[in-house]
Amino acid sequence: MAARTGKEYLERLSASRPTVHIQGETLTGGVQDHPAFRNVVRTYAELYDLQHADEHKEVLTYTSPTSGERVNTSFLTPKAPEDLVKRRKAFKIWADHSNGMLGRTGDYMNSSLMALASAADWFAESRPEFGENIRRYYEKVREEDLLCTHTLIPPQVNRSVSGTEQGGGKLSARIVDEDDNGVVIRGARMLATIAPFADEMLVFPSTVLRGTPEDKPYSYAFAIPNDTKGLRYIAREPLDYDRPRHDHPLGSRFEESDCVVVFDDVHVPYERCFVLGDPELCNGFYSRTSSQVHMTHQVVTRTSAKTEYILGLVSLLTEAIGLEQFQHVQEDIAEIIATLETLRAFLRAAEADAEINEFGVLTPAFAPLNAARNLYPKLYQRFPQILRKLGASGLMATPTELDVTGPAAADIEAYLQSATLTGPERVKLFRLVWDTCISAFSSRQALYEYYFFGDPVRMAGAYVKSYDREPYKARVQAFLDRD
Ligand SMILES: Cc1cc2nc3c(=O)[nH]c(=O)nc-3n(C[C@H](O)[C@H](O)[C@H](O)COP(=O)(O)OP(=O)(O)OC[C@H]3O[C@@H](n4cnc5c(N)ncnc54)[C@H](O)[C@@H]3O)c2cc1C
């Protein structure tokens, strides 16, 4: 099968039976029609349709080396510089479709799987069949164009002890049994975005494991269909209130949903396992395979699309109400431009300094991408702040569509006009600003960007530890020692 259409994505989803607890209801199917999910599912279907649009199909797809069918470009194993460029352009098309608001479009995990499968020999060091498993799984996801999400971190019970010690070792998902066909998993993982409407759940390592015998049951990587028996999702309250697009322009399209993941003795067949009982392999999972680099390449492309959107939005806002000439407003706009250009420079540097890794994959330089992923969680927080500051009371003068077209229409036309816009045009723009900086949807976006790659505080610790500062210390020391 080739790159899917939106219709094919929806058909598969309607045949799927994931167990989802949401607002007191238990769903065992029908996700695509549920008010909490149907709008975002439609948006995901649009992404699949873009793969077949005349203006995008050349960039969004390439010819599969096994089936000869067109498959999504995020599966392309880069060997030459133009492959990296093609990958980035494909990421950008999908990211632009949601103004960078969707964090779990398929290309994110596809990029990870591409890199993991290329490093199959590394997995095979643990057990030969694991190398074959990851290669086969990547090909399956590529050829069937499956939508994958992932769940990484242990439940947030007591962060003063390790993930494996939560609840006395009885809470985090762990291997509790093993038979001739596979392993049995019991416990929970904290979160998985888009879980109810993904096809597959990747249960991958995250926190560093100590390599002690007690850590072995927590040392695994596997993938299961999202309606596997015993797998349950507990969804948070939806932020899509099924309101008109005029009123909630982002929440009514891009509300991805986040779920706690419960494994109630889930049986995972061996052929779906890539690591078992090997903490060392878990600890090297992302770095040794270059998977973190390719994932970050996708993410920085997405965040640059999101920053372009913010720049466009702030510019329309400041033009609309005549703020452009004020210096502090220009200072805020300059901050957004500088962030955008920084992200673009990181992407360009990462691609320009790419090198072939030990598995023959052209891999972007990690240093610029790592800098981007350490900076953006904090840089993004400024954007809603700037929008709130510049929008001010205008963000509360935001009647709904029913008012714009109802009895208040004449007042709205007269009193809500702006320097450049009619009343209805201004309300439409300001509702978009509101959904980017004030609504519950926008709050969740800010939280998402902050924790996208993990806790920025602990990431900073790892960043400092991994960065070679010796040459700079030596240079300063030499200066101190200079006569
Ligand atoms: C909107 C959203 C969507 C998400 N989607 C996914 C997903 O799809 N898949 C997935 O796997 N994960 C997902 N996550 C989880 C994300 O990976 C985590 O939020 C992130 O790794 C931080 O972990 P935590 O939330 O458990 O925070 P905690 O680890 O509980 O940290 C809470 C606070 O305590 C501090 N703290 C805790 N422990 C330490 C320590 N040892 N040293 C110093 N400070 C500490 C932190 O700095 C932080 O301020 C999502 C998170 C959000 C918010």
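From the backbone N, Cα and C atoms, a Cβ is placed for every residue, glycine too.
In the record from TrEMBL, residues R104, T105, G106, D107, Y108, S206, T207 bind substrate; the candidate from H52, H56, H150 listed for the same site is H150.
Binding site for FAD per TrEMBL: H150, T151, L152, Q156, V157, N158, R159, D455, P456, V457, R458, plus T193 from the candidate set T193, T405, T420. In this structure the C-alpha atoms belonging to V457 (FAD binding site) and G106 (substrate binding site) are separated by 28 Å. Of the binding-site residues R104, H150, R159, H150 has the largest number of other Cβ atoms within 10 Å of its own Cβ. In three-state terms derived from DSSP, V457 (FAD binding site) belongs to a helical segment.
The 6 Å Cβ screen around ligand 1 retains R159, D455 from the binding-site residues V157, R159, D455, ordered by sequence position. Recorded residues D455 (FAD binding site) and Y108 (substrate binding site) have their alpha carbons 19 Å apart, per Cα-Cα distance. In the three-state DSSP classification, L152 (FAD binding site) falls within coil.
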